[in-house]
Amino acid sequence: SPAMQRFLGPLLCLWALRLPAGSGVAARGLDVASYRERVRAMFYHAYEHYLESAFPYDELRPLTCDGQDTWGSFSLTLIDALDTLLILGNVSEFQRVVSVLQEGVDFDIDVNASVFETNIRVVGGLLSAHLLSRKAGVEVEAGWPCSGPLLRMAEEAARKLLPAFQTPTGMPYGTVNLLHGVNPGETPVTCTAGIGTFIVEFATLSHLTGDPVFEDVARKALKALWKNRSDIGLVGNHIDVITAKWVAQDAGIGAGVDSYFEYLVKGAILLQDKELMSMFLEYNKAIKNYTKFDDWYLWVQMYKGTVSMPVFQSLEAYWPGLQSLIGDVDNAMRTFLNYYTVWKQFGGLPEFYNIPQGYTVDKREGYPLRPELIESAMYLYRATRDPTLLELGRDAVESIEKISKVDCGFATIKDLRDHRLDNRMESFFLAETIKYLYLLFDPDNFIHNDGSDFDVVVTPYGECVLNAGGYIFNTEAHPIDPAALHCCRKRKEEQWEVEDLMREFYSRKKTKKFTLKRAPDHREGENAKDPEDASSEKAGEKRNSKKSSHSLLSCPSQSFNSKLAVLGQVFLDNT
């Protein structure tokens with residue numbers, strides 16, 4: 001029935017991504033299971049040494065076996081690694097860390113913090129852990145996912161960032177004092193990514209808490225960047241958030257810009273927002289026209305389009321993964337293979353690589369164990385199952401273990417030419433690099449759920465479906481369940497419709513096992529009755545007497561006029 005199709009839409013979208021049985025077996029002789037276990041061992045080598053030598057500091061210093069605060073004073077590696085623990089299947093440690101964070105993390109401190117980094121690592125990490133808590137066996141409070149201690153912590157951290165957005169343009173300062181707000185002498189110059197990388201976390205926060213302020217400021221910042229693009233459709237690298245004048249006019253897809261483009265796409269998917277996708281597609285045209293050469297992307301002057309830096313930056317390696325999300329898989333693979341040749345040349349990606357000369361750039365020879373190329377490999381493998389992508393994962397494991405592993409963890413590679421190391425292990429190594437490697441080698445992980453398994457939870461606003469897959473990773477690789485955004489709003493007609501559709505779905509799928517439990521009917525003005533009784537008919541009559549509305553849980557049956565994809569699966573506009 002049409003109603004059943006609307007309910008099953010999100011699940012069918014995800015079923016299309018399902019890998020065939022046995023997809024975890026060796027490709028080209030590569031033992032996927034063995035590499036998966038090696039990645040697991042890498043995680044625990046780093047994680048346990050952080051706990052032993054660095055906690056409660058933000059990061060581990062692996063050469064001296066001690067710790068340091070870097071982006072605040074949040075025990076940052078612990079927050080960043082939390083959802084990775086669950087992805088590796090360690091529910092007991094996840095539960096322990098949740099308790100530790102509730103007791104030990106305080107945001108009411110006199111610290112100057114990066115608005116961008118605090119958002120993606122702290123707010124994003126806490127939101128993800130909050131939404132995964134029930135799956136991890138944490139005893140959640142009544143009203144979850146619309147309430148909970150980790151959600152309150154994420155909200156508290158985000159509120160500390162709000163003063164940064166109080167500018168004439170709506171574009172935020174780059175740094176804020178968590179106790180006093182923006183310092184009087186704070187520079188108004190912020191990078192583009194530091195302005196446009198909030199919509200995923202802040203919209204999630206608004207939908208879960210009911211406070212629109214977070215999504216509102218994130219949208220205003222996104223639109224301010226869009227308004228200030230050049231006549232040829234490009235944005236620069238740094239802008240004055242008071243005057244909206246571009247200070248650095250280099251345009252590209254890499255450092256200082258990268259996650260702005262990423263969040264237009266992911267925000268569009270998360271929120272089913274046509275405007276955000278349209279903005280990205282316009283940027284994509286300009287990027288192809290002015291910066292793309294032989295499947296490389298250069299840096300150009302934002303007003304003229306003339307080449308300013310013919311370099312590849314390691315941070316740009318996220319781009320093939322982003323291309324896969326909009327269904328541009330062929331172009332994504334070609335660019336990925338270019339980047340992979342650089343990895344093979346050095347055993348890692350140098351921060352800067354001079355494309356014409358085919359070598360590193362002076363003082364940019366390091367590799368701080370960044371995840372971006374591995375991230376793209378994970379997305380593209382979901383879309384293509386090309387064994388070349390597993391080979392990149394293999395090479396990453398071998399390189400990192402050979403070059404970077406030390407007694408107390410894994411150290412940043414200061415120079416890929418001679419393998420000198422630096423005394424730092426960034427928190428993103430456990431949040432992103434290890435996570436994407438593990439997911440590349442673990443096709444049956446719950447993160448890759450195809451929609452055939454899901455949970456139904458009861459909220460104060462009715463029942464909602466969670467854990468059906470389609471997770472949106474923030475730019476620190478913290479997965480957000482998009483269905484959760486529809487759990488905490490009271491839209492009665494749509495609630496009734498979803499409940500009735502679920503009943504119909506149960507009756508048709510009695511032979512299939514689901515992780516479901518029926519809960520009492522909490523509709524206002526009606527007594528809880530048997531699912532098959534006449535109450536659903538009455539509810540249906542009420543709904544049918546009104547103009548049909550779009551279901552909260554509908555799949556991307558695109559209002560987008562363009563192709564869109566989730567984890568590489570392309571959907572076409574059939575509306």
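Please read every residue number as a count from 1 along the shown chain.
Backbone N, Cα and C atoms are what each Cβ position is placed from, and that goes for glycine too.
Now, the feature entries from TrEMBL:
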type     : residues : note
ACT_SITE : Glu117   : active site, proton donor
ACT_SITE : Asp258   : active site
ACT_SITE : Glu351   : active site, proton donor
ACT_SITE : Glu372   : active site
BINDING  : Thr475   : Ca(2+) binding site
COMPBIAS : 518-543  : compositional bias 'Basic and acidic residues'
REGION   : 516-556  : region 'Disordered'
SIGNAL   : 1-26     : signal peptide
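Overlay of TrEMBL annotations on the structure.
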{"residue": "Glu117", "record": "active site, proton donor", "Cβ neighbours (10 Å)": "20"}
{"residue": "Asp258", "record": "active site", "Cβ neighbours (10 Å)": "25"}
{"residue": "Glu351", "record": "active site, proton donor", "Cβ neighbours (10 Å)": "21"}
{"residue": "Glu372", "record": "active site", "Cβ neighbours (10 Å)": "24"}
{"residue": "Thr475", "record": "Ca(2+) binding site", "Cβ neighbours (10 Å)": "25"}
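Comparing the Cα of Glu117 (active site, proton donor) with the Cα of every entry in Asp258, Glu351, Glu372, Thr475, these being the recorded positions, the smallest distance points to Thr475.
In space, Glu372 is the closest of the recorded positions Asp258, Glu372, Thr475 to Glu351 (active site, proton donor), judged by Cα positions.
Note: the CA-CA distance between Glu372 (active site) and Asp258 (active site) rounds to 11 Å.
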